[in-house]
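Annotated domain 'Glucosamine/galactosamine-6-phosphate isomerase' per TrEMBL: 14-224, in sequence order. Per TrEMBL, active site, proton acceptor is recorded for ASP67, HIS138. Residues or ranges marked as active site, for ring-opening step in TrEMBL: ASN136, GLU143.
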Amino acid sequence: MKLYRAKDYYDMSRKAANIISAQVIMKPNCVLGLATGSTPVGIYKQLIEWYNKGDLDFSRVKTANLDEYKGLTKDNDQSYYYFMRENLFRHVNINEANTNIPDGTETDAIKEAARYEEAIKELGGIDLQLLGLGHNGHIGFNEPSNIFPKDTHIVDLQESTIEANKRFFDSIDQVPRQAYTMGIGTIMSAKKILLVVSGEDKAQILHDVIKGPVSPSVPASILQLHPDVIIVADEAALSKF
Ligand code: GLP
C-alpha cells in the first residue's frame, strides 16, 4: 500500500484527481471503476476543470460504478445514476453507452447481479478502481460480515449505513434498505485501487483498515492483500497514525 498524505479535503481531491488523470492520459481507452458518496465529489470537480481546460479526453474511457440503491429509478435524485450524471458524466465528453451502473430498478436481484458482473468482465476488467470508505469499513456497499462476498450481489444495508446516508434524503424512511454492489472479489480484481479518505470521523476506521488484521468485519482491510493500492488521505483522516 502506498499512502499519500494530503493537507485537507481539497488537497486530497487534487492528488487523487492527478492519479486518475495520469491513468486516462496513459491509457485513453482505460476502464475506470467509479465511486459515489461525498468524498469523491471534489475529485470529479477537479477532473471537470481539467477537461474544460482541454487537458483530459474521456471519449474512449469506459466506466463501471461500484454500487446502486435497489428500488431507485435513474431520475431519482438520490440514485447513484443521477449522482454520476450530475457530478461527472454530463460535464465531460464521456459516451453514456460506455458507462455502467447496476440497474436499481431490476427486481430480479440474482439476474441483475450476474448481468453486472458479466458486464465488467466484458469491459476486460477495471484498470483503476476509485473507492471511498464507509464509517464501518465498507467499500462499495460490502458491509461488515463474516465472509468477503466475491461477486456483485444484493445487500441489506446496515443500520449505521442507513443512518450515515440519511443526510441525503428527506427522511430516514426514504433511505433504501437494499443495494446492489460489486463484490470484494470484483473490487480486488481491479489492476490498481485508489482509496480516498477525508475527515477525523474516518480516522479510527482508516487506522483499522491499514494496521488491523485482514477481516471481513472491516471489509476494506482486504486491500492490504492487493498488490497495487494507493491511499490518499487528509491529515484529519490520518490523525490516529
Ligand atoms: C456510501 C457508498 C460508498 C461510500 C461510502 C462513504 O455508502 N456506497 O461507496 O464510499 O458511503 O461515503 P462518504 O464518502 O459520503 O463518507
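Cβ atoms here come from the backbone N, Cα and C positions, even for glycine.
Contacts of ASN136 (active site, for ring-opening step) defined by a Cβ separation under 8 A and a same-chain sequence distance of 6+ are given as GLU143, PRO144, GLN158, SER160, THR161, ILE205, VAL218, in order along the sequence. Among the listed active-site residues, namely ASP67, GLU143, the Cβ with the most fellow Cβ atoms inside 10 Å is that of ASP67.
Straight-line distance linking the Cα atoms of HIS138 (active site, proton acceptor) and ASP67 (active site, proton acceptor), rounded to a whole number, equals 12 Å. The Cβ of HIS138 (active site, proton acceptor) has 26 neighbouring Cβ atoms from other residues within 10 Å, across all protein chains displayed. DSSP classifies HIS138 (active site, proton acceptor) as coil under the three-state reduction. DSSP gives ASP67 (active site, proton acceptor) a strand state.
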